[in-house]
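Lifted from TrEMBL, the feature list:
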type     : residues : note
ACT_SITE : Asp137   : active site, charge relay system
ACT_SITE : His216   : active site, charge relay system
ACT_SITE : Ser549   : active site, charge relay system
DOMAIN   : 33-105   : domain 'Inhibitor I9'
DOMAIN   : 377-462  : domain 'PA'
DOMAIN   : 663-767  : domain 'Subtilisin-like protease fibronectin type-III'
Amino acid sequence: MAPFPSHPIPLLFLLFSFLPLLSLSAVDQPYKTYIVRIDSQSKPSIFPTHYHWYTTEFTDAPKILHTYDTVFHGFSATLTPDHAATLSQHPSVLAVFEDQRQQLHTTRSPQFLGLRNQRGLWSDSDYGSDVIIGVLDTGIWPERRSFSDVNLGAIPARWKGICEVGERFSARNCNKKLIGARFFIKGHEAASGSTGPITPINETVEFKSPRDADGHGTHTASTAAGRHVFGASMEGYAAGIAKGVAPKARLAVYKVCWKNAGCFDSDILAAFDAAVKDGVDVISISIGGGDGISAPYYLDPIAIGAYGAASRGVFVSSSAGNDGPNLMSVTNLAPWIVTVGAGTIDRNFPAEVVLGNGKRLSGVSLYAGLPLSGKMYPLVYPGKSGVLSASLCMENSLDPNMVKGKIVVCDRGSSARVAKGLVVKKAGGVGMILANGISNGEGLVGDAHLIPTCALGSDEGDTVKAYVSATSNPAATIAFKGTVIGIKPAPVVASFSGRGPNGLTPEILKPDLIAPGVNILAAWTDAVGPTGLDSDTRKTEFNILSGTSMACPHVSGAAALLKSAHPDWSPAAIRSAMMTTANTFNNLNQSMTDEATGNVSSSYDLGAGHLNLDRAMDPGLVYDITNNDYVNFLCGIGYGPREIQVITRSPVSCLEKKPLPENLNYPSIAALLPSSAKGATSKAFIRTVTNVGQPDAVYRFTIQAPKGVTVTVKPPKLVFTEAVKKQSFIVTITANTRNLMPDDSGAVFGSLSWSDGKHVVRSPILVTQIDPL
């Protein structure tokens, strides 16, 4: 997602089996799209296919949008609420939920991950040429050089996908690089056909095909797997060679999101179904909800689709959302999904505001037009009047008499950063200073503004406003410094990156890790200029974007390389390799910090740390997880057999004694201690590691205990041989909750590391207090 989208529709899912029948007559009721989960094993033998059964017993054929048979069993259809409520009473129906809209989570980064040419991971894996990455997004602009198939071998024989033709997209647009493309629109069309806020697709600006009218999908696909492109830049910024993380991996594109319209659950689920059937190895999905509201896993189509994929060996990488730095803002929380937050890279695009009093303030910009060349202009802050819309430079809020010929200070928030510049331009302003508020702190992202603009952190923004207030004729100019490499410290956790704790199952630490997500250069569509504004007529082959959307495909590309080098590793083993080898130090060799506060970041900010691919190639030990382990976890969090079957597809029965959810074999440990306990409280965690390094190895542990907590580990060493590949251990965490000194997030943090002298296998530990329900 590009950061700070407008608030998405809240994720209010309805399980109609628990609702009374509505009193409206069917005539009065609007049709809505519902996703219906069927127990596929109860199909009467009289019906030759599930589709025949659905259209005979449940609804008419024209009302069915998608049928699902791979990651999910059932269908989506347009129904009245009464019909949906009736269906939910049917013995073969496990769940009925309403279709919801999700949002997108919007060229040195491969080097910055520890990827060096012809050494380590890149050479070992032939750059992932046997691996297929499925990208669920806004489609692709196939002509970009990033998607060339020059010198690529034959398409993997197991590939079963298609190149779906449509508007301005033919079978010739696929090649040995872009091996498949599909689009999913029925959920969107059904929503826009009914009354409500969803408008039909505007065919003057959108393509009913896999072609990308938005740019986001082209950007994420090329970040994961773009080919080497020489002479890449965004209007001169970030010039150099552009390449994705896995430049030889194959791409399959599933367009589920539509320009200015979001992405519907029913279409997302259909894309998961198709991608797994087609034969992808990795799914990259930079989509999700917002506002830290998460539906239970059995009502969350991304979680359901991802389970269907992961249970068949497909690695699923998703974005953590852009609602940071608020606590509990992380999204995509299921333990079978790899949840990726965003960090900065060591490249920046500095700009400087010079005030009339000689003060110089550092900021960021990607403005590429005519410079101001040091000329001072009058400076104005419309927010001085106290009118909120004017302070935010909202549409039609600025008085041209007040801003004409001046540099205008605009507060960040409520509208797109680039759109504010357009408002200033229309009112006759010559430039803009974009000031962060408290919520964004010092977190800055570059934008390809249409007028000379510099973004400032909240402290510098306050300095500018104080200068305007205290000066009779305030003036300023803006200087643009181009591209600077070698910025220290880096990485820093991006202020917008979604933060823990996990609001659904706090026993599982989320996010899992962070990856580059600030000012990322990647391929772009020709359908729209770099700002994405309708009035931006510039064409650019590459664009620079920020968001956890940009971090997610870095991990997808990394998974492709790891899968290529270790074809027998499960998705959980690949995630474990990334997490246990992640960096927690920056390029100054100090603990990573948080852009929002400047303080040292915690596991709620960066999970296990920042992706380090060279080390992930050879992690030593991995924490593996089976489908059965996930079922035990779902039993442990209190889901019943029907709810679990919605996710797992096959019926399950939970044990009498509920398994503990924290005993899922996750590469991190979250201890939730009851706050009501008197005296010391202990909790034990069981973990099992699999040796994937040299067969004969002895590992010993070291503990960094969280403040005020005692951590013990038994046994003290793990001995592996040719015959003994797996070893289990118990971690006991003891604390007196009265004496715990948690930070502002309510937790204390530490780590457990196992080492054989060559490998270090690190797991974050967090301890927090919780009131039992």
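Using the three backbone atoms N, Cα and C, a Cβ is placed for every residue, glycine included.
Automatic prediction, not curation, is the source of TrEMBL annotations.
Straight-line distance linking the Cα atoms of His216 (active site, charge relay system) and Asp137 (active site, charge relay system), rounded to a whole number, equals 7 Å.
When Cβ neighbours within 10 Å are tallied across all protein chains shown, the highest count among the active-site residues Asp137, Ser549 belongs to Ser549. Counting every protein chain shown, the number of other Cβ atoms lying within 10 Å of the Cβ of His216 (active site, charge relay system) is 28. Comparing Ser549 (active site, charge relay system) with Asp137 (active site, charge relay system), their Cα atoms are 10 Å apart once rounded. Residues belonging to the domain 'PA' (377-462) score a mean pLDDT of 93 in the model.
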